[in-house]
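Summarising the annotation, TrEMBL assigns domain 'ABC transmembrane type-1' to A:78-288. As annotated by TrEMBL, transmembrane segment applies to A:21-46, A:77-103, A:115-136, A:156-175, A:216-242, A:262-288.
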Amino acid sequence: MSAISARRTSSAAATRGGGVLPWLALPALVAFAVFALIPLVGVLLLSFTSWDTLGEIQLTGLESWRQVLTDPGLPHALWVTFLIMLLSWAFQTPASILIGVFLAGRQRYRELLAVLYFIPLLLSSAAIAITFKALLDPNFGLGAGLGLDFLTQDWLGEPGLAFGVVIFVVSWQYIPFHSLLYQGGVRQIPRSLYEAAELDGAGRIRMFFSITLPQLKYTIITSSTLMLVGSLTFFDLIFVLTEGGPGDATRALALDMYKRGFQANLMGAACVIGVILVLVGLALALLLRRIGGRDPYASQLEGA
Amino acid sequence: MGLPLGAALAACGTSGPAPSGGGAGGGAAGGSGGGAGKATYWFLQGPPGEAPRTASVERFNKANPSGQIAITTIQNDAYKTKIKTAIGANQAPTIIWGWGGGGLRSYVQAGQVEDLTSWFGENAAVKDRLFPGAFGAATIDGKIYAMPCETVQPIVLFYNKKVFEKVGAQPPQSYGDILDLVKKFNDAGVAPFSLAGQSRWTNMMWLEFLFDRIGGPEVFQAVFDGEKDAWNNPASIEALTKMQELIKANAFIKGFSSVTADSNADQALLYTGKAAMMLHGSWSYGIQQEQGGDIVSSGGLGWMNFPGVDGGKGDPTNTVGNPGQYLSISSKATPEQKEIAKKFFATGVLDDQEQKDWVGTGGVPIVKGSDKLFAGSKDAEFLNFIYGVSSNAKVFAQSWDQALSPTAAEVLLDNIAKLFQLSISPQQFASNMNAVIGK
């Protein structure tokens, strides 16, 4: 996730020079330990217990793990999480790149649009979900209000449609952020590359595929990492929008964990899922770094 | 990755007033400072309940300067988590407000609430003035662990009289009538029943009545008692099959799985006339009155108990819902605090003024003879109906999700949602539910 700052190798060189600088990481390390590592250890320990949040915490060894791993709900939740991850990535990435490239232009109206596009990111997920839920209500929503029959669907009641709505709303919320990343990325591409290509007679589309996209490689990796790892923890939006329903059609891992822990009072099982979530997230981040190439710090920027 | 950590932290993050010592901390509407031996009492915030509850404690405090109660009000959903966490951490308030049933059973199993059986034995008058049906959900394995309080809330079949007039239909007298009405209203372009399917417990109310009317209250009682394979009862399979037949016959509003009860969209369907009938808790009356324009004041809202199923074993006077709310005493409280709480139960809870306050909110207090207070109320007709249904019911069953343990209730609601999606068969529903019996 630190690819943006890490791209400049010059900062790495600076650290090598001074002996004091490692101490600067201390506050961050302490915060990380207190708010991430210690709770993580707690979750790991709780996963070997049975606890209904009321009585005593009972050490039951692998009982919670057996219970979760043999539950057909787990592969389903994993599959739903994976699908949400993949589909929201496949939908957001092309859209973000196109919007980002468009917004990178210096024209006045594009600057204005850039500000407008940014608005969804300012809203809380819960507010967005409540709004969309109201708009999509089959009896009192947008379709019924405007008399448009094709909008009057059982949006959150049909498994397929509900899944599509989740992907759409998630994308609606996060595309602005990723467009912003791509806008920054495009603006850093040296003009000289485009000028040279123009002299060679390349058209706009050719320039997009031969210069812009390859130059955006690391921005794509950064943005994809954020999207994929971030989508593991989609909770608030799905919880308010569908509560994991209809049935269990949109019950992703994070939702499954909440339901087990706080609604069914099975803290041990919820912690097992928490551990699985962390492992999947770590594996994913590692994998993405591998795909990112052998030398993630390489750059084609001028002066780098 | 923020969530697992956040969830783990949340369990530690809730703190409440300590059970002993000063009870002034943390209360949104906390009492006037704490003294040693002051009892604490947490309950739900917001209308309609907050005002009568607060007033009743204030009267008690005025009458008992030496033994005060400090109150803390908490929002509904937050309360459910907070009270569990507080009890688990031995930080429970002296008086624990709740819904009885499965939740109370889990407190009892953890040894966190006082056994009140002998106290009720010594104070028979306190017990005898309340609806006997209210004690079912307060009784775990033959012992009483909670004082029933507040109001009774049966599930009622509401209907829109204007829609019935327009279509020329009569309210159903039997399940067969319901099937005929489904066809009649569908032909007239009106949805027969409103249903907030996304909320799940709304669907559950249908099953509660079908199970009772077809097989009698024994069918679910067997589940509650933990009998093996209790859901395989032929009556249970028949009720589940009938449920899916209703759904296939378009008995419910199109897209009901997208409708939620939180937003009152199901209520709106009834008062706007988009649906003709709705099965809902008696509190729906207040919502219709507040949001439904003139539907209540113009006499457009009808209500009745769920009709019988032809050939069914259940008594059509039976009903389900919330037979009351419940107050328990924390076993971790000091002896002085327990004494104050018991005094409050005997003299404060549901005193004459509190009964009047509840009637004013459109509720029926669980006190025998409280119907005398209805005279002059503009809601007298409805209140008398609720009083009649509740006091005449042979069996007033508790809502399933409250009666079962939280673990089993979650599985139940999940499977109900799938049953209503027609994605599992009645037999699959029964096997899935049999797997969590007694858990």
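Count begins at 1; order follows the chain as displayed.
Each Cβ is built from the backbone N, Cα and C atoms, and glycine gets one as well.
If you count C-beta pairs under 8 angstroms between the transmembrane segment (A:77-103) and each of A:115-136, A:156-175, A:262-288, the highest count goes to A:156-175. Residues 99, 103, 142, 155-156, 165, 169, 172-177, 179-180, 236-241 of the same chain, all 6+ positions outside the transmembrane segment (A:115-136), place their C-beta atoms under 8 angstroms from a C-beta of that stretch.
Residues 1, 40, 43-44, 46-54, 60, 63-65, 67-69, 74, 77-78, 81, 221, 224-225, 228-229, 232-233, 253-254, 256 of the same chain, all 6+ positions outside the transmembrane segment (A:262-288), place their C-beta atoms under 8 angstroms from a C-beta of that stretch.
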